[in-house]
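Reading through the structure tokens given below for one structure.
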């Protein structure tokens, strides 16, 4: 299925009775082929989704709530279109379940089927909400740099590295990532952290490159994979990890992580804008 066929950007009828058919899968393949990624992926990782508007009824009719977190493997053939995900989760609102575990298991089954891979699901109960604290990305902020730029479409030629000097290891981040939904044109605001081992990457060029996504249209996952591929090709790091966290839309935030080495999955931190 294509994004144009999805509910995104269209008037929708909201149902409050559970309906798994609302989930709309989109194949990763086409967007990956457009940036030179074939069947052999140059990375592994996960897409972390947080859902803040999940509610259902218990067996006695009393509303229940939870914050849901989904871990979608990067090698899944499909992603779920975000508005369809919102509509799907909304369909739980007037549906009775015996327990929170039953809700979790239902969501895991449905979303895994839509993505074509096993998706991990975690539900945080209200008494644990206090543990959902704000954090910040570790590393050196690129946003401190005072620079000029006028490039607002992705341009890998902005990336420079000291290819003939001794390798370094560093972590940098920026809060200036912005792209746009390819269907609705709505802005997607995010932060991105890059950790690498290899030739020193020019910080000004890297920040200009991140800023260059400002008028780009692409889903969150696709933007992160393009950043990964461009940095890997232009700067030739031996190890590379790219982690982006986007602000929520429709009660959902999406946080893709990609790496080419054995690195633990990142913390599902909550940045200030999330």
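Backbone N, Cα and C atoms are what each Cβ position is placed from, and that goes for glycine too.
Straight from Swiss-Prot, the features:
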type	residues	note
ACT_SITE	181	active site, thioimide intermediate
ACT_SITE	188	active site, proton donor
BINDING	80, 81, 82, 220, 221	substrate binding site
BINDING	82, 83, 249, 250	NADPH binding site
>> So among 81, 82, 181, 220, all listed as recorded positions, which is physically nearest to residue 249 (NADPH binding site)? Use the C-alpha atoms.
In response: 82
> Once the DSSP letters are reduced so that anything not helix or strand counts as coil, what is the residue listed as 'active site, thioimide intermediate'?
Replying inline: coil
> Got a sec? Which of these recorded positions, 80, 181, has the most Cβ atoms within 10 Å?
Replying inline: 80
>> For a quick check of packing: other C-beta atoms within 10 Å of the C-beta of residue 221 (substrate binding site), how many?
In response: 22
> Just counting, how many other CB atoms are there within 10 A of the CB of residue 188 (active site, proton donor)?
Replying inline: 22
>> Through the lens of DSSP with three states only, how would you label residue 221 (substrate binding site)?
In response: helix
> Max Cα distance spanning 80, 81, 82, 220, 221 (substrate binders), Å?
Replying inline: 12
> Using Cα-Cα distances with a 10 Å cut-off, which of the recorded positions 83, 181, 188, 250 are near residue 220 (substrate binding site)?
Replying inline: 181, 188
>> On the three-state reduction of DSSP, what should I expect for residue 82 (substrate binding site)?
In response: helix
> So how many other Cβ atoms are close to residue 83 (NADPH binding site), meaning within 10 Å of its Cβ?
Replying inline: 22
>> Please give me the recorded positions out of 83, 188, 221 that lie within 10 Å of the residue listed as 'active site, thioimide intermediate', comparing Cα atoms only.
In response: 188
> Three states by DSSP: which one describes residue 250 (NADPH binding site)?
Replying inline: coil
> Out of 83, 188, 250, which of these recorded positions is nearest residue 221 (substrate binding site) by C-alpha distance?
Replying inline: 188
> Whole-number Å distance between the CA of residue 188 (active site, proton donor) and the CA of residue 81 (substrate binding site)?
Replying inline: 14
